[in-house]
């Protein structure tokens with residue numbers, strides 16, 4: 001419980017809401033645009049706005065990792081996938097399947113349930129933002145002191161995924177008969 | 001910062017991802033929607049970590065782990081999509097019906 005009201009919003013909240021608006025709007029464009037490449041580029045805008053949200057929430061290391069990995073690596077991978085599958089580059093009207101209406105109903109129902117639950121559950125919660133809680137120093141100490149075993153397991157997982165992707169995408173590797 | 005704001009933004013992003021997964025035909029667009037859903041979860045993790053001031057920084061560390069897992073998932077997913085494209089010459093989801101009931 002806190003005595004901080006919703007009005008007037010602080011400068012941080014206004015910045016966060018604007019960035020969130022950009023993220024939600026570009027995410028809507030990702031799922032509705034008719035051009036495949038534009039969807040990947042709107043995804044860049046969405047991830048960039050989310051990185052800004054992390055910065056506002058004082059999670060600066062996560063924000064830069066988001067920029068490096070999502071904007072830098074994942075979107076480039078997706079663009080490679082678009083090119084390698086010889087997708088249509090211009091407008092194409094068959095990107096949506098026939099169940100758009102059902103999907104929209106399910107999505108609106110999901111949004112209604114989730115928004116009403118989080119508004120009902122956290123309407124009095126107030127996070128006091130203090131800079132430095134998400135710096136590289138803090139997070140590095142936390143990872144290498146308390147989260148070493150999951151970190152190592154994740155490294156092995158990443159290696160396995162790498163080898164698996166190579167094996168799946170090469171055509172000259174034959175299985176044992 | 002009220003915790004409601006990031007939670008609501010994350011909920012909206014998640015529902016948009018749900019719409020994309022259900023409505024899109026192209027497999028790569030479905031992968032993009034899955035990324036949107038993962039990012040919504042990341043925003044929740046960061047917001048609640050900042051709110052609860054966890055000494056272990058569980059939220060932010062788990063966000064980093066989710067980002068790594070998402071990268072691995074996209075790598076494997078695109079390799080599978082390329083393998084399907086090589087054998088079927090199509091990646092539209094509703095044309096890959098060999099396993100479904102006729």
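Backbone N, Cα and C atoms are what each Cβ position is placed from, and that goes for glycine too.
A TrEMBL annotation is a machine prediction, not a hand-curated record.
Taken straight from TrEMBL:
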TRANSMEM  A:12-32  transmembrane segment
TRANSMEM  A:39-57  transmembrane segment
TRANSMEM  A:63-89  transmembrane segment
TRANSMEM  A:101-127  transmembrane segment
TRANSMEM  A:147-168  transmembrane segment
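Here the transmembrane segment (A:63-89) has long-range neighbours at 35-37, 40, 43-44, 47-48, 50-52, 54-55, meaning same-chain residues at least 6 beyond its ends whose C-beta is under 8 angstroms from one of its own. Counting only same-chain residues 6+ beyond the ends of the transmembrane segment (A:12-32), those with a CB under 8 A from a CB of the stretch are 38-39, 42-43, 45-46, 49-50, 52-53, 56-57, 129.
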